[in-house]
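K.L.:
Let me begin by handing over the structure; questions about it come next.
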Amino acid sequence: MYLSILIFPLLASFVSGFLGRKIGITGSHILTCTCLTISSILATIAFYEVGICGSPVSIYLFSWIDSELMSISWEFLFDQLTVSMFIPVLYISTLIHIYTTSYLSEDPHNQRFFSYLSLFTFFMLLLVSGANYFVMFIGWEGIGVVSYLLINFYYTRIQANKAAILALTMNRVGDMGLSIGFFALFAFFGSLDYSTIFSLASYMNETALTIISLLLLMGAMAKSAQIPLHSWLPGSMEAPTPVSALLHAATLVTAGLYLLVRSSPILEYSPTALLIITLIGSTTAFFAATCGLVQNDLKRIIAFSTISQLGYMVMAVGLSQYNVALMHVVNHAFFKALLFLGAGAVIHSFADEQDIRKMGGLIKFLPFTYTTMLIGSLSLLATPWLTGFYSKDLIIELAFGQYAFSGIYAYILGSLTAGLTAFYSFRLISLVFLTVPNGIKKVYLNSHESNMAVVIPLAILALFSIFF
């Protein structure tokens with residue numbers, strides 16, 4: 001059962017990619033959505049067995065590299081961290097597949113798009129379920145390559161080419177640090193298995209662990225868009241909106257955080273690395289929020305808000321609160337996917353216009369979309385008793401509770417960021433939905449709510465953003 005969670009998205013991707021013309025657009029829609037729904041159901045069962053009942057599962061397939069000291073095997077580990085990551089990745093990916101059946105219904109390259117989306121989901125699942133750093137690295141490189149293909153989906157547009165190349169090359173920088181980190185791990189521990197490395201970490205030299213931690217952090221900084229490797233994320237808004245939602249809510253950008261949380265037994269023995277992680281995370285959160293204040297592109301505002309929230313998660317890791325970081329990853333995934341898909345519905349009904357200065361007064365035309373985006377924004381602001389409140393507020397409180405320089409720094413910047421977040425979120429809502437109409441009359445007359453394939457994912461994500 002556990003392996004079939006990974007196999008279904010891969011199967012959907014292959015069939016949709018290679019046989020897409022034969023089975024037709026409807027066939028590939030039905031196939032990919034069905035496979036991902038089955039995967040999601042299996043992941044829910046796995047979450048119950050492993051996460052709630054506390055019985056981790058390890059699956060050994062076969063030995064891969066056997067060379068003197070070095071033995072690397074295809075092995076999968078389903079522990080509480082893995083199944084917790086499965087939930088947002090699979091739920092959101094399934095909802096995005098359903099959403100895309102309507103959103104890109106006019107696109108002639110539909111099957112290719114669905115194939116990429118399913119392949120992306122497969123690599124993300126591979127990344128979080130590997131039992132050693134090598135299997136994780138294959139998933140890591142896989143999502144890097146597929147994200148390039150997805151951002152460059154409209155490959156005739158120069159801007160999309162530029163964005164995809166920027167994303168790929170900037171992630172190369174992080175991957176360089178990460179691969180050197182793997183060499184260092186192997187040099188010190190003689191293994192790349194999680195179990196071996198984490199059981200030996202407490203006996204190792206602190207300097208060595210600090211170097212390894214900083215190299216792993218370098219990989220995480222590129223994937224999770226931390227300063228100074230953040231500029232690829234706003235650019236990748238050139239991709240179709242479902243891609244933005246998938247990449248920047250549940251998958252690509254949370255991979256770096258997964259790496260840090262997974263490597264917590266190493267980070268925990270290096271106070272220097274934890275200090276640096278806290279400083280980078282809190283600075284990123286504040287810097288991205290200031291950028292979000294002045295953007296006029298609907299999707300770019302949400303993109304900077306993503307970078308800002310990732311800063312909070314990295315900050316939580318630096319404060320040694322790995323469980324809270326993971327909780328914020330999962331919570332954030334739902335309301336951020338909701339905001340992106342809501343933005344997509346607005347852009348789609350408004351003749352593909354993304355400039356919020358040319359909108360306004362859309363509450364009368366898109367009441368349902370307005371409601372869902374308001375819920376997503378309120379959850380993002382950590383309004384009490386919505387999903388975002390329980391993790392975001394906790395991170396700021398934990399920073400306040402640490403009487404060290406890093407804790408005070410993180411607390412001050414985290415609090416300022418929360419204020420800025422409230423400001424730009426309300427600016428977005430008011431300029432798009434509430435102020436006087438600034439657009440062209442003809443566009444307003446054509447704008448309308450989307451069909452059920454868009455409404456259902458928005459409604460489900462809105463419920464998750466309140467109750468999850």
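Placement of Cβ uses the backbone N, Cα and C atoms for every residue, glycine included.
Please treat TrEMBL annotations as automatic predictions, because they have not gone through curation.
So TrEMBL lists the following for this protein:
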TRANSMEM  36-61  transmembrane segment
DOMAIN    64-114  domain 'NADH-Ubiquinone oxidoreductase (complex I) chain 5 N-terminal'
TRANSMEM  81-101  transmembrane segment
DOMAIN    132-412  domain 'NADH:quinone oxidoreductase/Mrp antiporter transmembrane'
TRANSMEM  137-155  transmembrane segment
TRANSMEM  176-197  transmembrane segment
TRANSMEM  203-222  transmembrane segment
TRANSMEM  243-261  transmembrane segment
TRANSMEM  273-294  transmembrane segment
TRANSMEM  301-321  transmembrane segment
TRANSMEM  333-351  transmembrane segment
TRANSMEM  363-388  transmembrane segment
TRANSMEM  408-429  transmembrane segment
TRANSMEM  450-467  transmembrane segment
K.L.:
Apart from its near flanks, which chain residues at least 6 from the ends of the transmembrane segment (81-101) lie with a Cβ under 8 angstroms of it?
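P.N.:
Distant Cβ neighbours of the transmembrane segment (81-101) are 5, 9, 29, 32-33, 36-37, 39-40, 43-44, 46-47, 50-51, 113-114, 117-118, 120-121, 124-125, 128-129, 240, 242, 245-246, 249-251, 254, 258, 261-262, 326, 329-330, 333-334, 337, 341, 344, 453-454, 456-458, 460-461, 464.
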K.L.:
Taking helix as H, G and I and strand as E and B in DSSP, count the residues of the domain 'NADH-Ubiquinone oxidoreductase (complex I) chain 5 N-terminal' (64-114) in helix, strand and coil.
P.N.:
29 helix, 13 strand, 9 coil
K.L.:
In this predicted model, what is the average pLDDT of the domain 'NADH-Ubiquinone oxidoreductase (complex I) chain 5 N-terminal' (64-114)?
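P.N.:
Here the predicted model's pLDDT, averaged over the domain 'NADH-Ubiquinone oxidoreductase (complex I) chain 5 N-terminal' (64-114), is 85.
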